[in-house]
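For reference, the structure is listed below as C-alpha cells.
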Amino acid sequence: MYEWLNALPKAELHLHLEGTLEPELLFALAERNRIALPWNDVETLRKAYAFNNLQEFLDLYYAGADVLRTEQDFYDLTWAYLQKCKAQNVVHVEPFFDPQTHTDRGIPFEVVLAGIRAALRDGEKLLGIRHGLILSFLRHLSEEQAQKTLDQALPFRDAFIAVGLDSSEVGHPPSKFQRVFDRARSEGFLTVAHAGEEGPPEYIWEALDLLKVERIDHGVRAFEDERLMRRLIDEQIPLTVCPLSNTKLCVFDDMSQHTILDMLERGVKVTVNSDDPAYFGGYVTENFHALQQSLGMTEEQARRLAQNSLDARLVK
C-alpha cells in the first residue's frame with residue numbers, strides 16, 4: 001500500500017522548513033560555512049535525534065538551524081524539501097518558517113526570505129508544486145518580539161499568506177499573542193496557530209476565539225473536550241495533524257493510540273502532515289503509511305484525508 005499512498009495527490013499544510021534539515025545537508029552547510037558542530041559525523045547526529053519530549057527536540061532543532069547562514073543555504077534547504085514533495089506527489093505546500101530563529105542569530109530577515117522564496121518559485125515552475133508561505137512567531141519569546149518580527153515582514157507582505165504560532169506550547173497560551181494577531185489580520189494576513197499538541201483544549205478555544213485562526217495546527221487534544229469536538233465538526237475547522245511527530249514527542253505513547261482516524265470518522269476535517277520530517281522519521285507518505293500499519297487505515301480513509309488536505313489549503 002506504500003506505493004499507492006505515495007501516488008495519492010496531497011497537500012502538506014503543517015511543515016517547518018527548518019525541520020526538513022537532514023543530517024547530511026546539515027553537515028554540508030556546516031562545512032560550507034566553516035561551522036564547528038558538536039557531533040562528529042552524521043551517524044552521531046542521528047543518534048542525538050532520540051529525544052523524549054518537545055523541549056528536547058526544540059533544543060536540537062535550534063542548534064541545527066545555526067548552520068543556515070546565507071541565501072543559498074535557505075534555498076538549498078527549501079529545494080531539498082520540494083524534491084521530497086515531488087517524489088511523494090505532494091502537489092501543494094504551505095510551509096512555516098521561523099524568522100526569529102535566524103534574526104536572533106544576526107541573519108537578516110531578507111536573506112532568509114530571499115532564499116526560501118526563490119526555491120518555492122522554482123518549485124512551482126520546475127516541479128509544478130504550488131505554495132503559500134506562512135510566517136510563524138515563536139511563542140516562547142515575547143509579544144514585543146513578535147510585533148518586531150511583524151514589522152520586519154510588512155515590507156515583504158506579498159511573500160506571505162498567513163502568520164502562525166509555534167514552539168514551546170505549555171505556559172505560552174495563544175492569548176499571549178492576541179494583539180499581534182489582531183494587527184496581522186488588519187494588515188491582510190490570514191492566521192493559523194499550533195494549539196492542543198502538548199497544551200490543553202483551552203488553548204484551541206483561545207486560538208479560535210482570540211486569534212481567529214483559519215485552521216488549527218495539531219489540535220489532537222480536542223478529543224478531550226466534547227463541546228470543542230462538536231464545534232470543530234459543525235464549523236469544519238481543519239486540523240493539521242502530524243502522526244509521527246505526535247508519537248516521537250510522546251503526545252501519544254504509541255501510534256496505535258492515535259485518535260486521527262476516530263476524529264475523521266466523527267466528521268472532523270483532519271489532515272496528515274510531517275511537521276519536522278528530518279527529526280521525526282518521515283515525510284508525508286511515511287505518515288500515511290504509519291496510519292495504515294498501526295491503525296489499519298483503509299484506502300477510502302486515506303483518500304478522504306488527502307482530499308481534506310487539498311480542501312483545507314489557504315491558497316486555492
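Glycine is no exception: its Cβ is also placed from the backbone N, Cα and C atoms.
Residues or ranges marked as active site, proton donor in Swiss-Prot: Glu197. Within its own chain, Glu197 (active site, proton donor) has Leu54, Glu169, Asp217, His218, Gly219, Val220, Arg221, Asn246, Leu249, Val251 as residues 6 or more apart in sequence whose C-beta sits under 8 angstroms from its own.
What Swiss-Prot lists as Zn(2+) binding site is His14, His16, His194, Asp275. Look at His194 (Zn(2+) binding site): DSSP puts it in a strand.
For the recorded site, Asp276 (substrate binding site), the DSSP three-state label reads coil. The feature substrate binding site is assigned by Swiss-Prot to Asp276.
The annotation site 'Important for catalytic activity' is assigned in Swiss-Prot to His218 on the grounds of sequence analysis. Every protein chain considered, the tally of other Cβ atoms within 10 Å of the Cβ of His218 (site 'Important for catalytic activity') stands at 27. Secondary structure from DSSP puts His218 (site 'Important for catalytic activity') in a beta strand.
Cβ proximity to the Zn(2+) site centre (mean Cβ of His14, His16, His194, Asp275, cutoff 8 Å) flags the following additional same-chain residues: Leu15, Gly19, Phe96, Asp166, Asp217, His218, Thr240, Cys242, Ser245, Asn273, Asp276. DSSP assigns His14 (Zn(2+) binding site) to coil in the three-state reduction, placing it in neither a helix nor a strand.
The separation of Asp276 (substrate binding site) from His16 (Zn(2+) binding site), Cα to Cα, is 6 Å.
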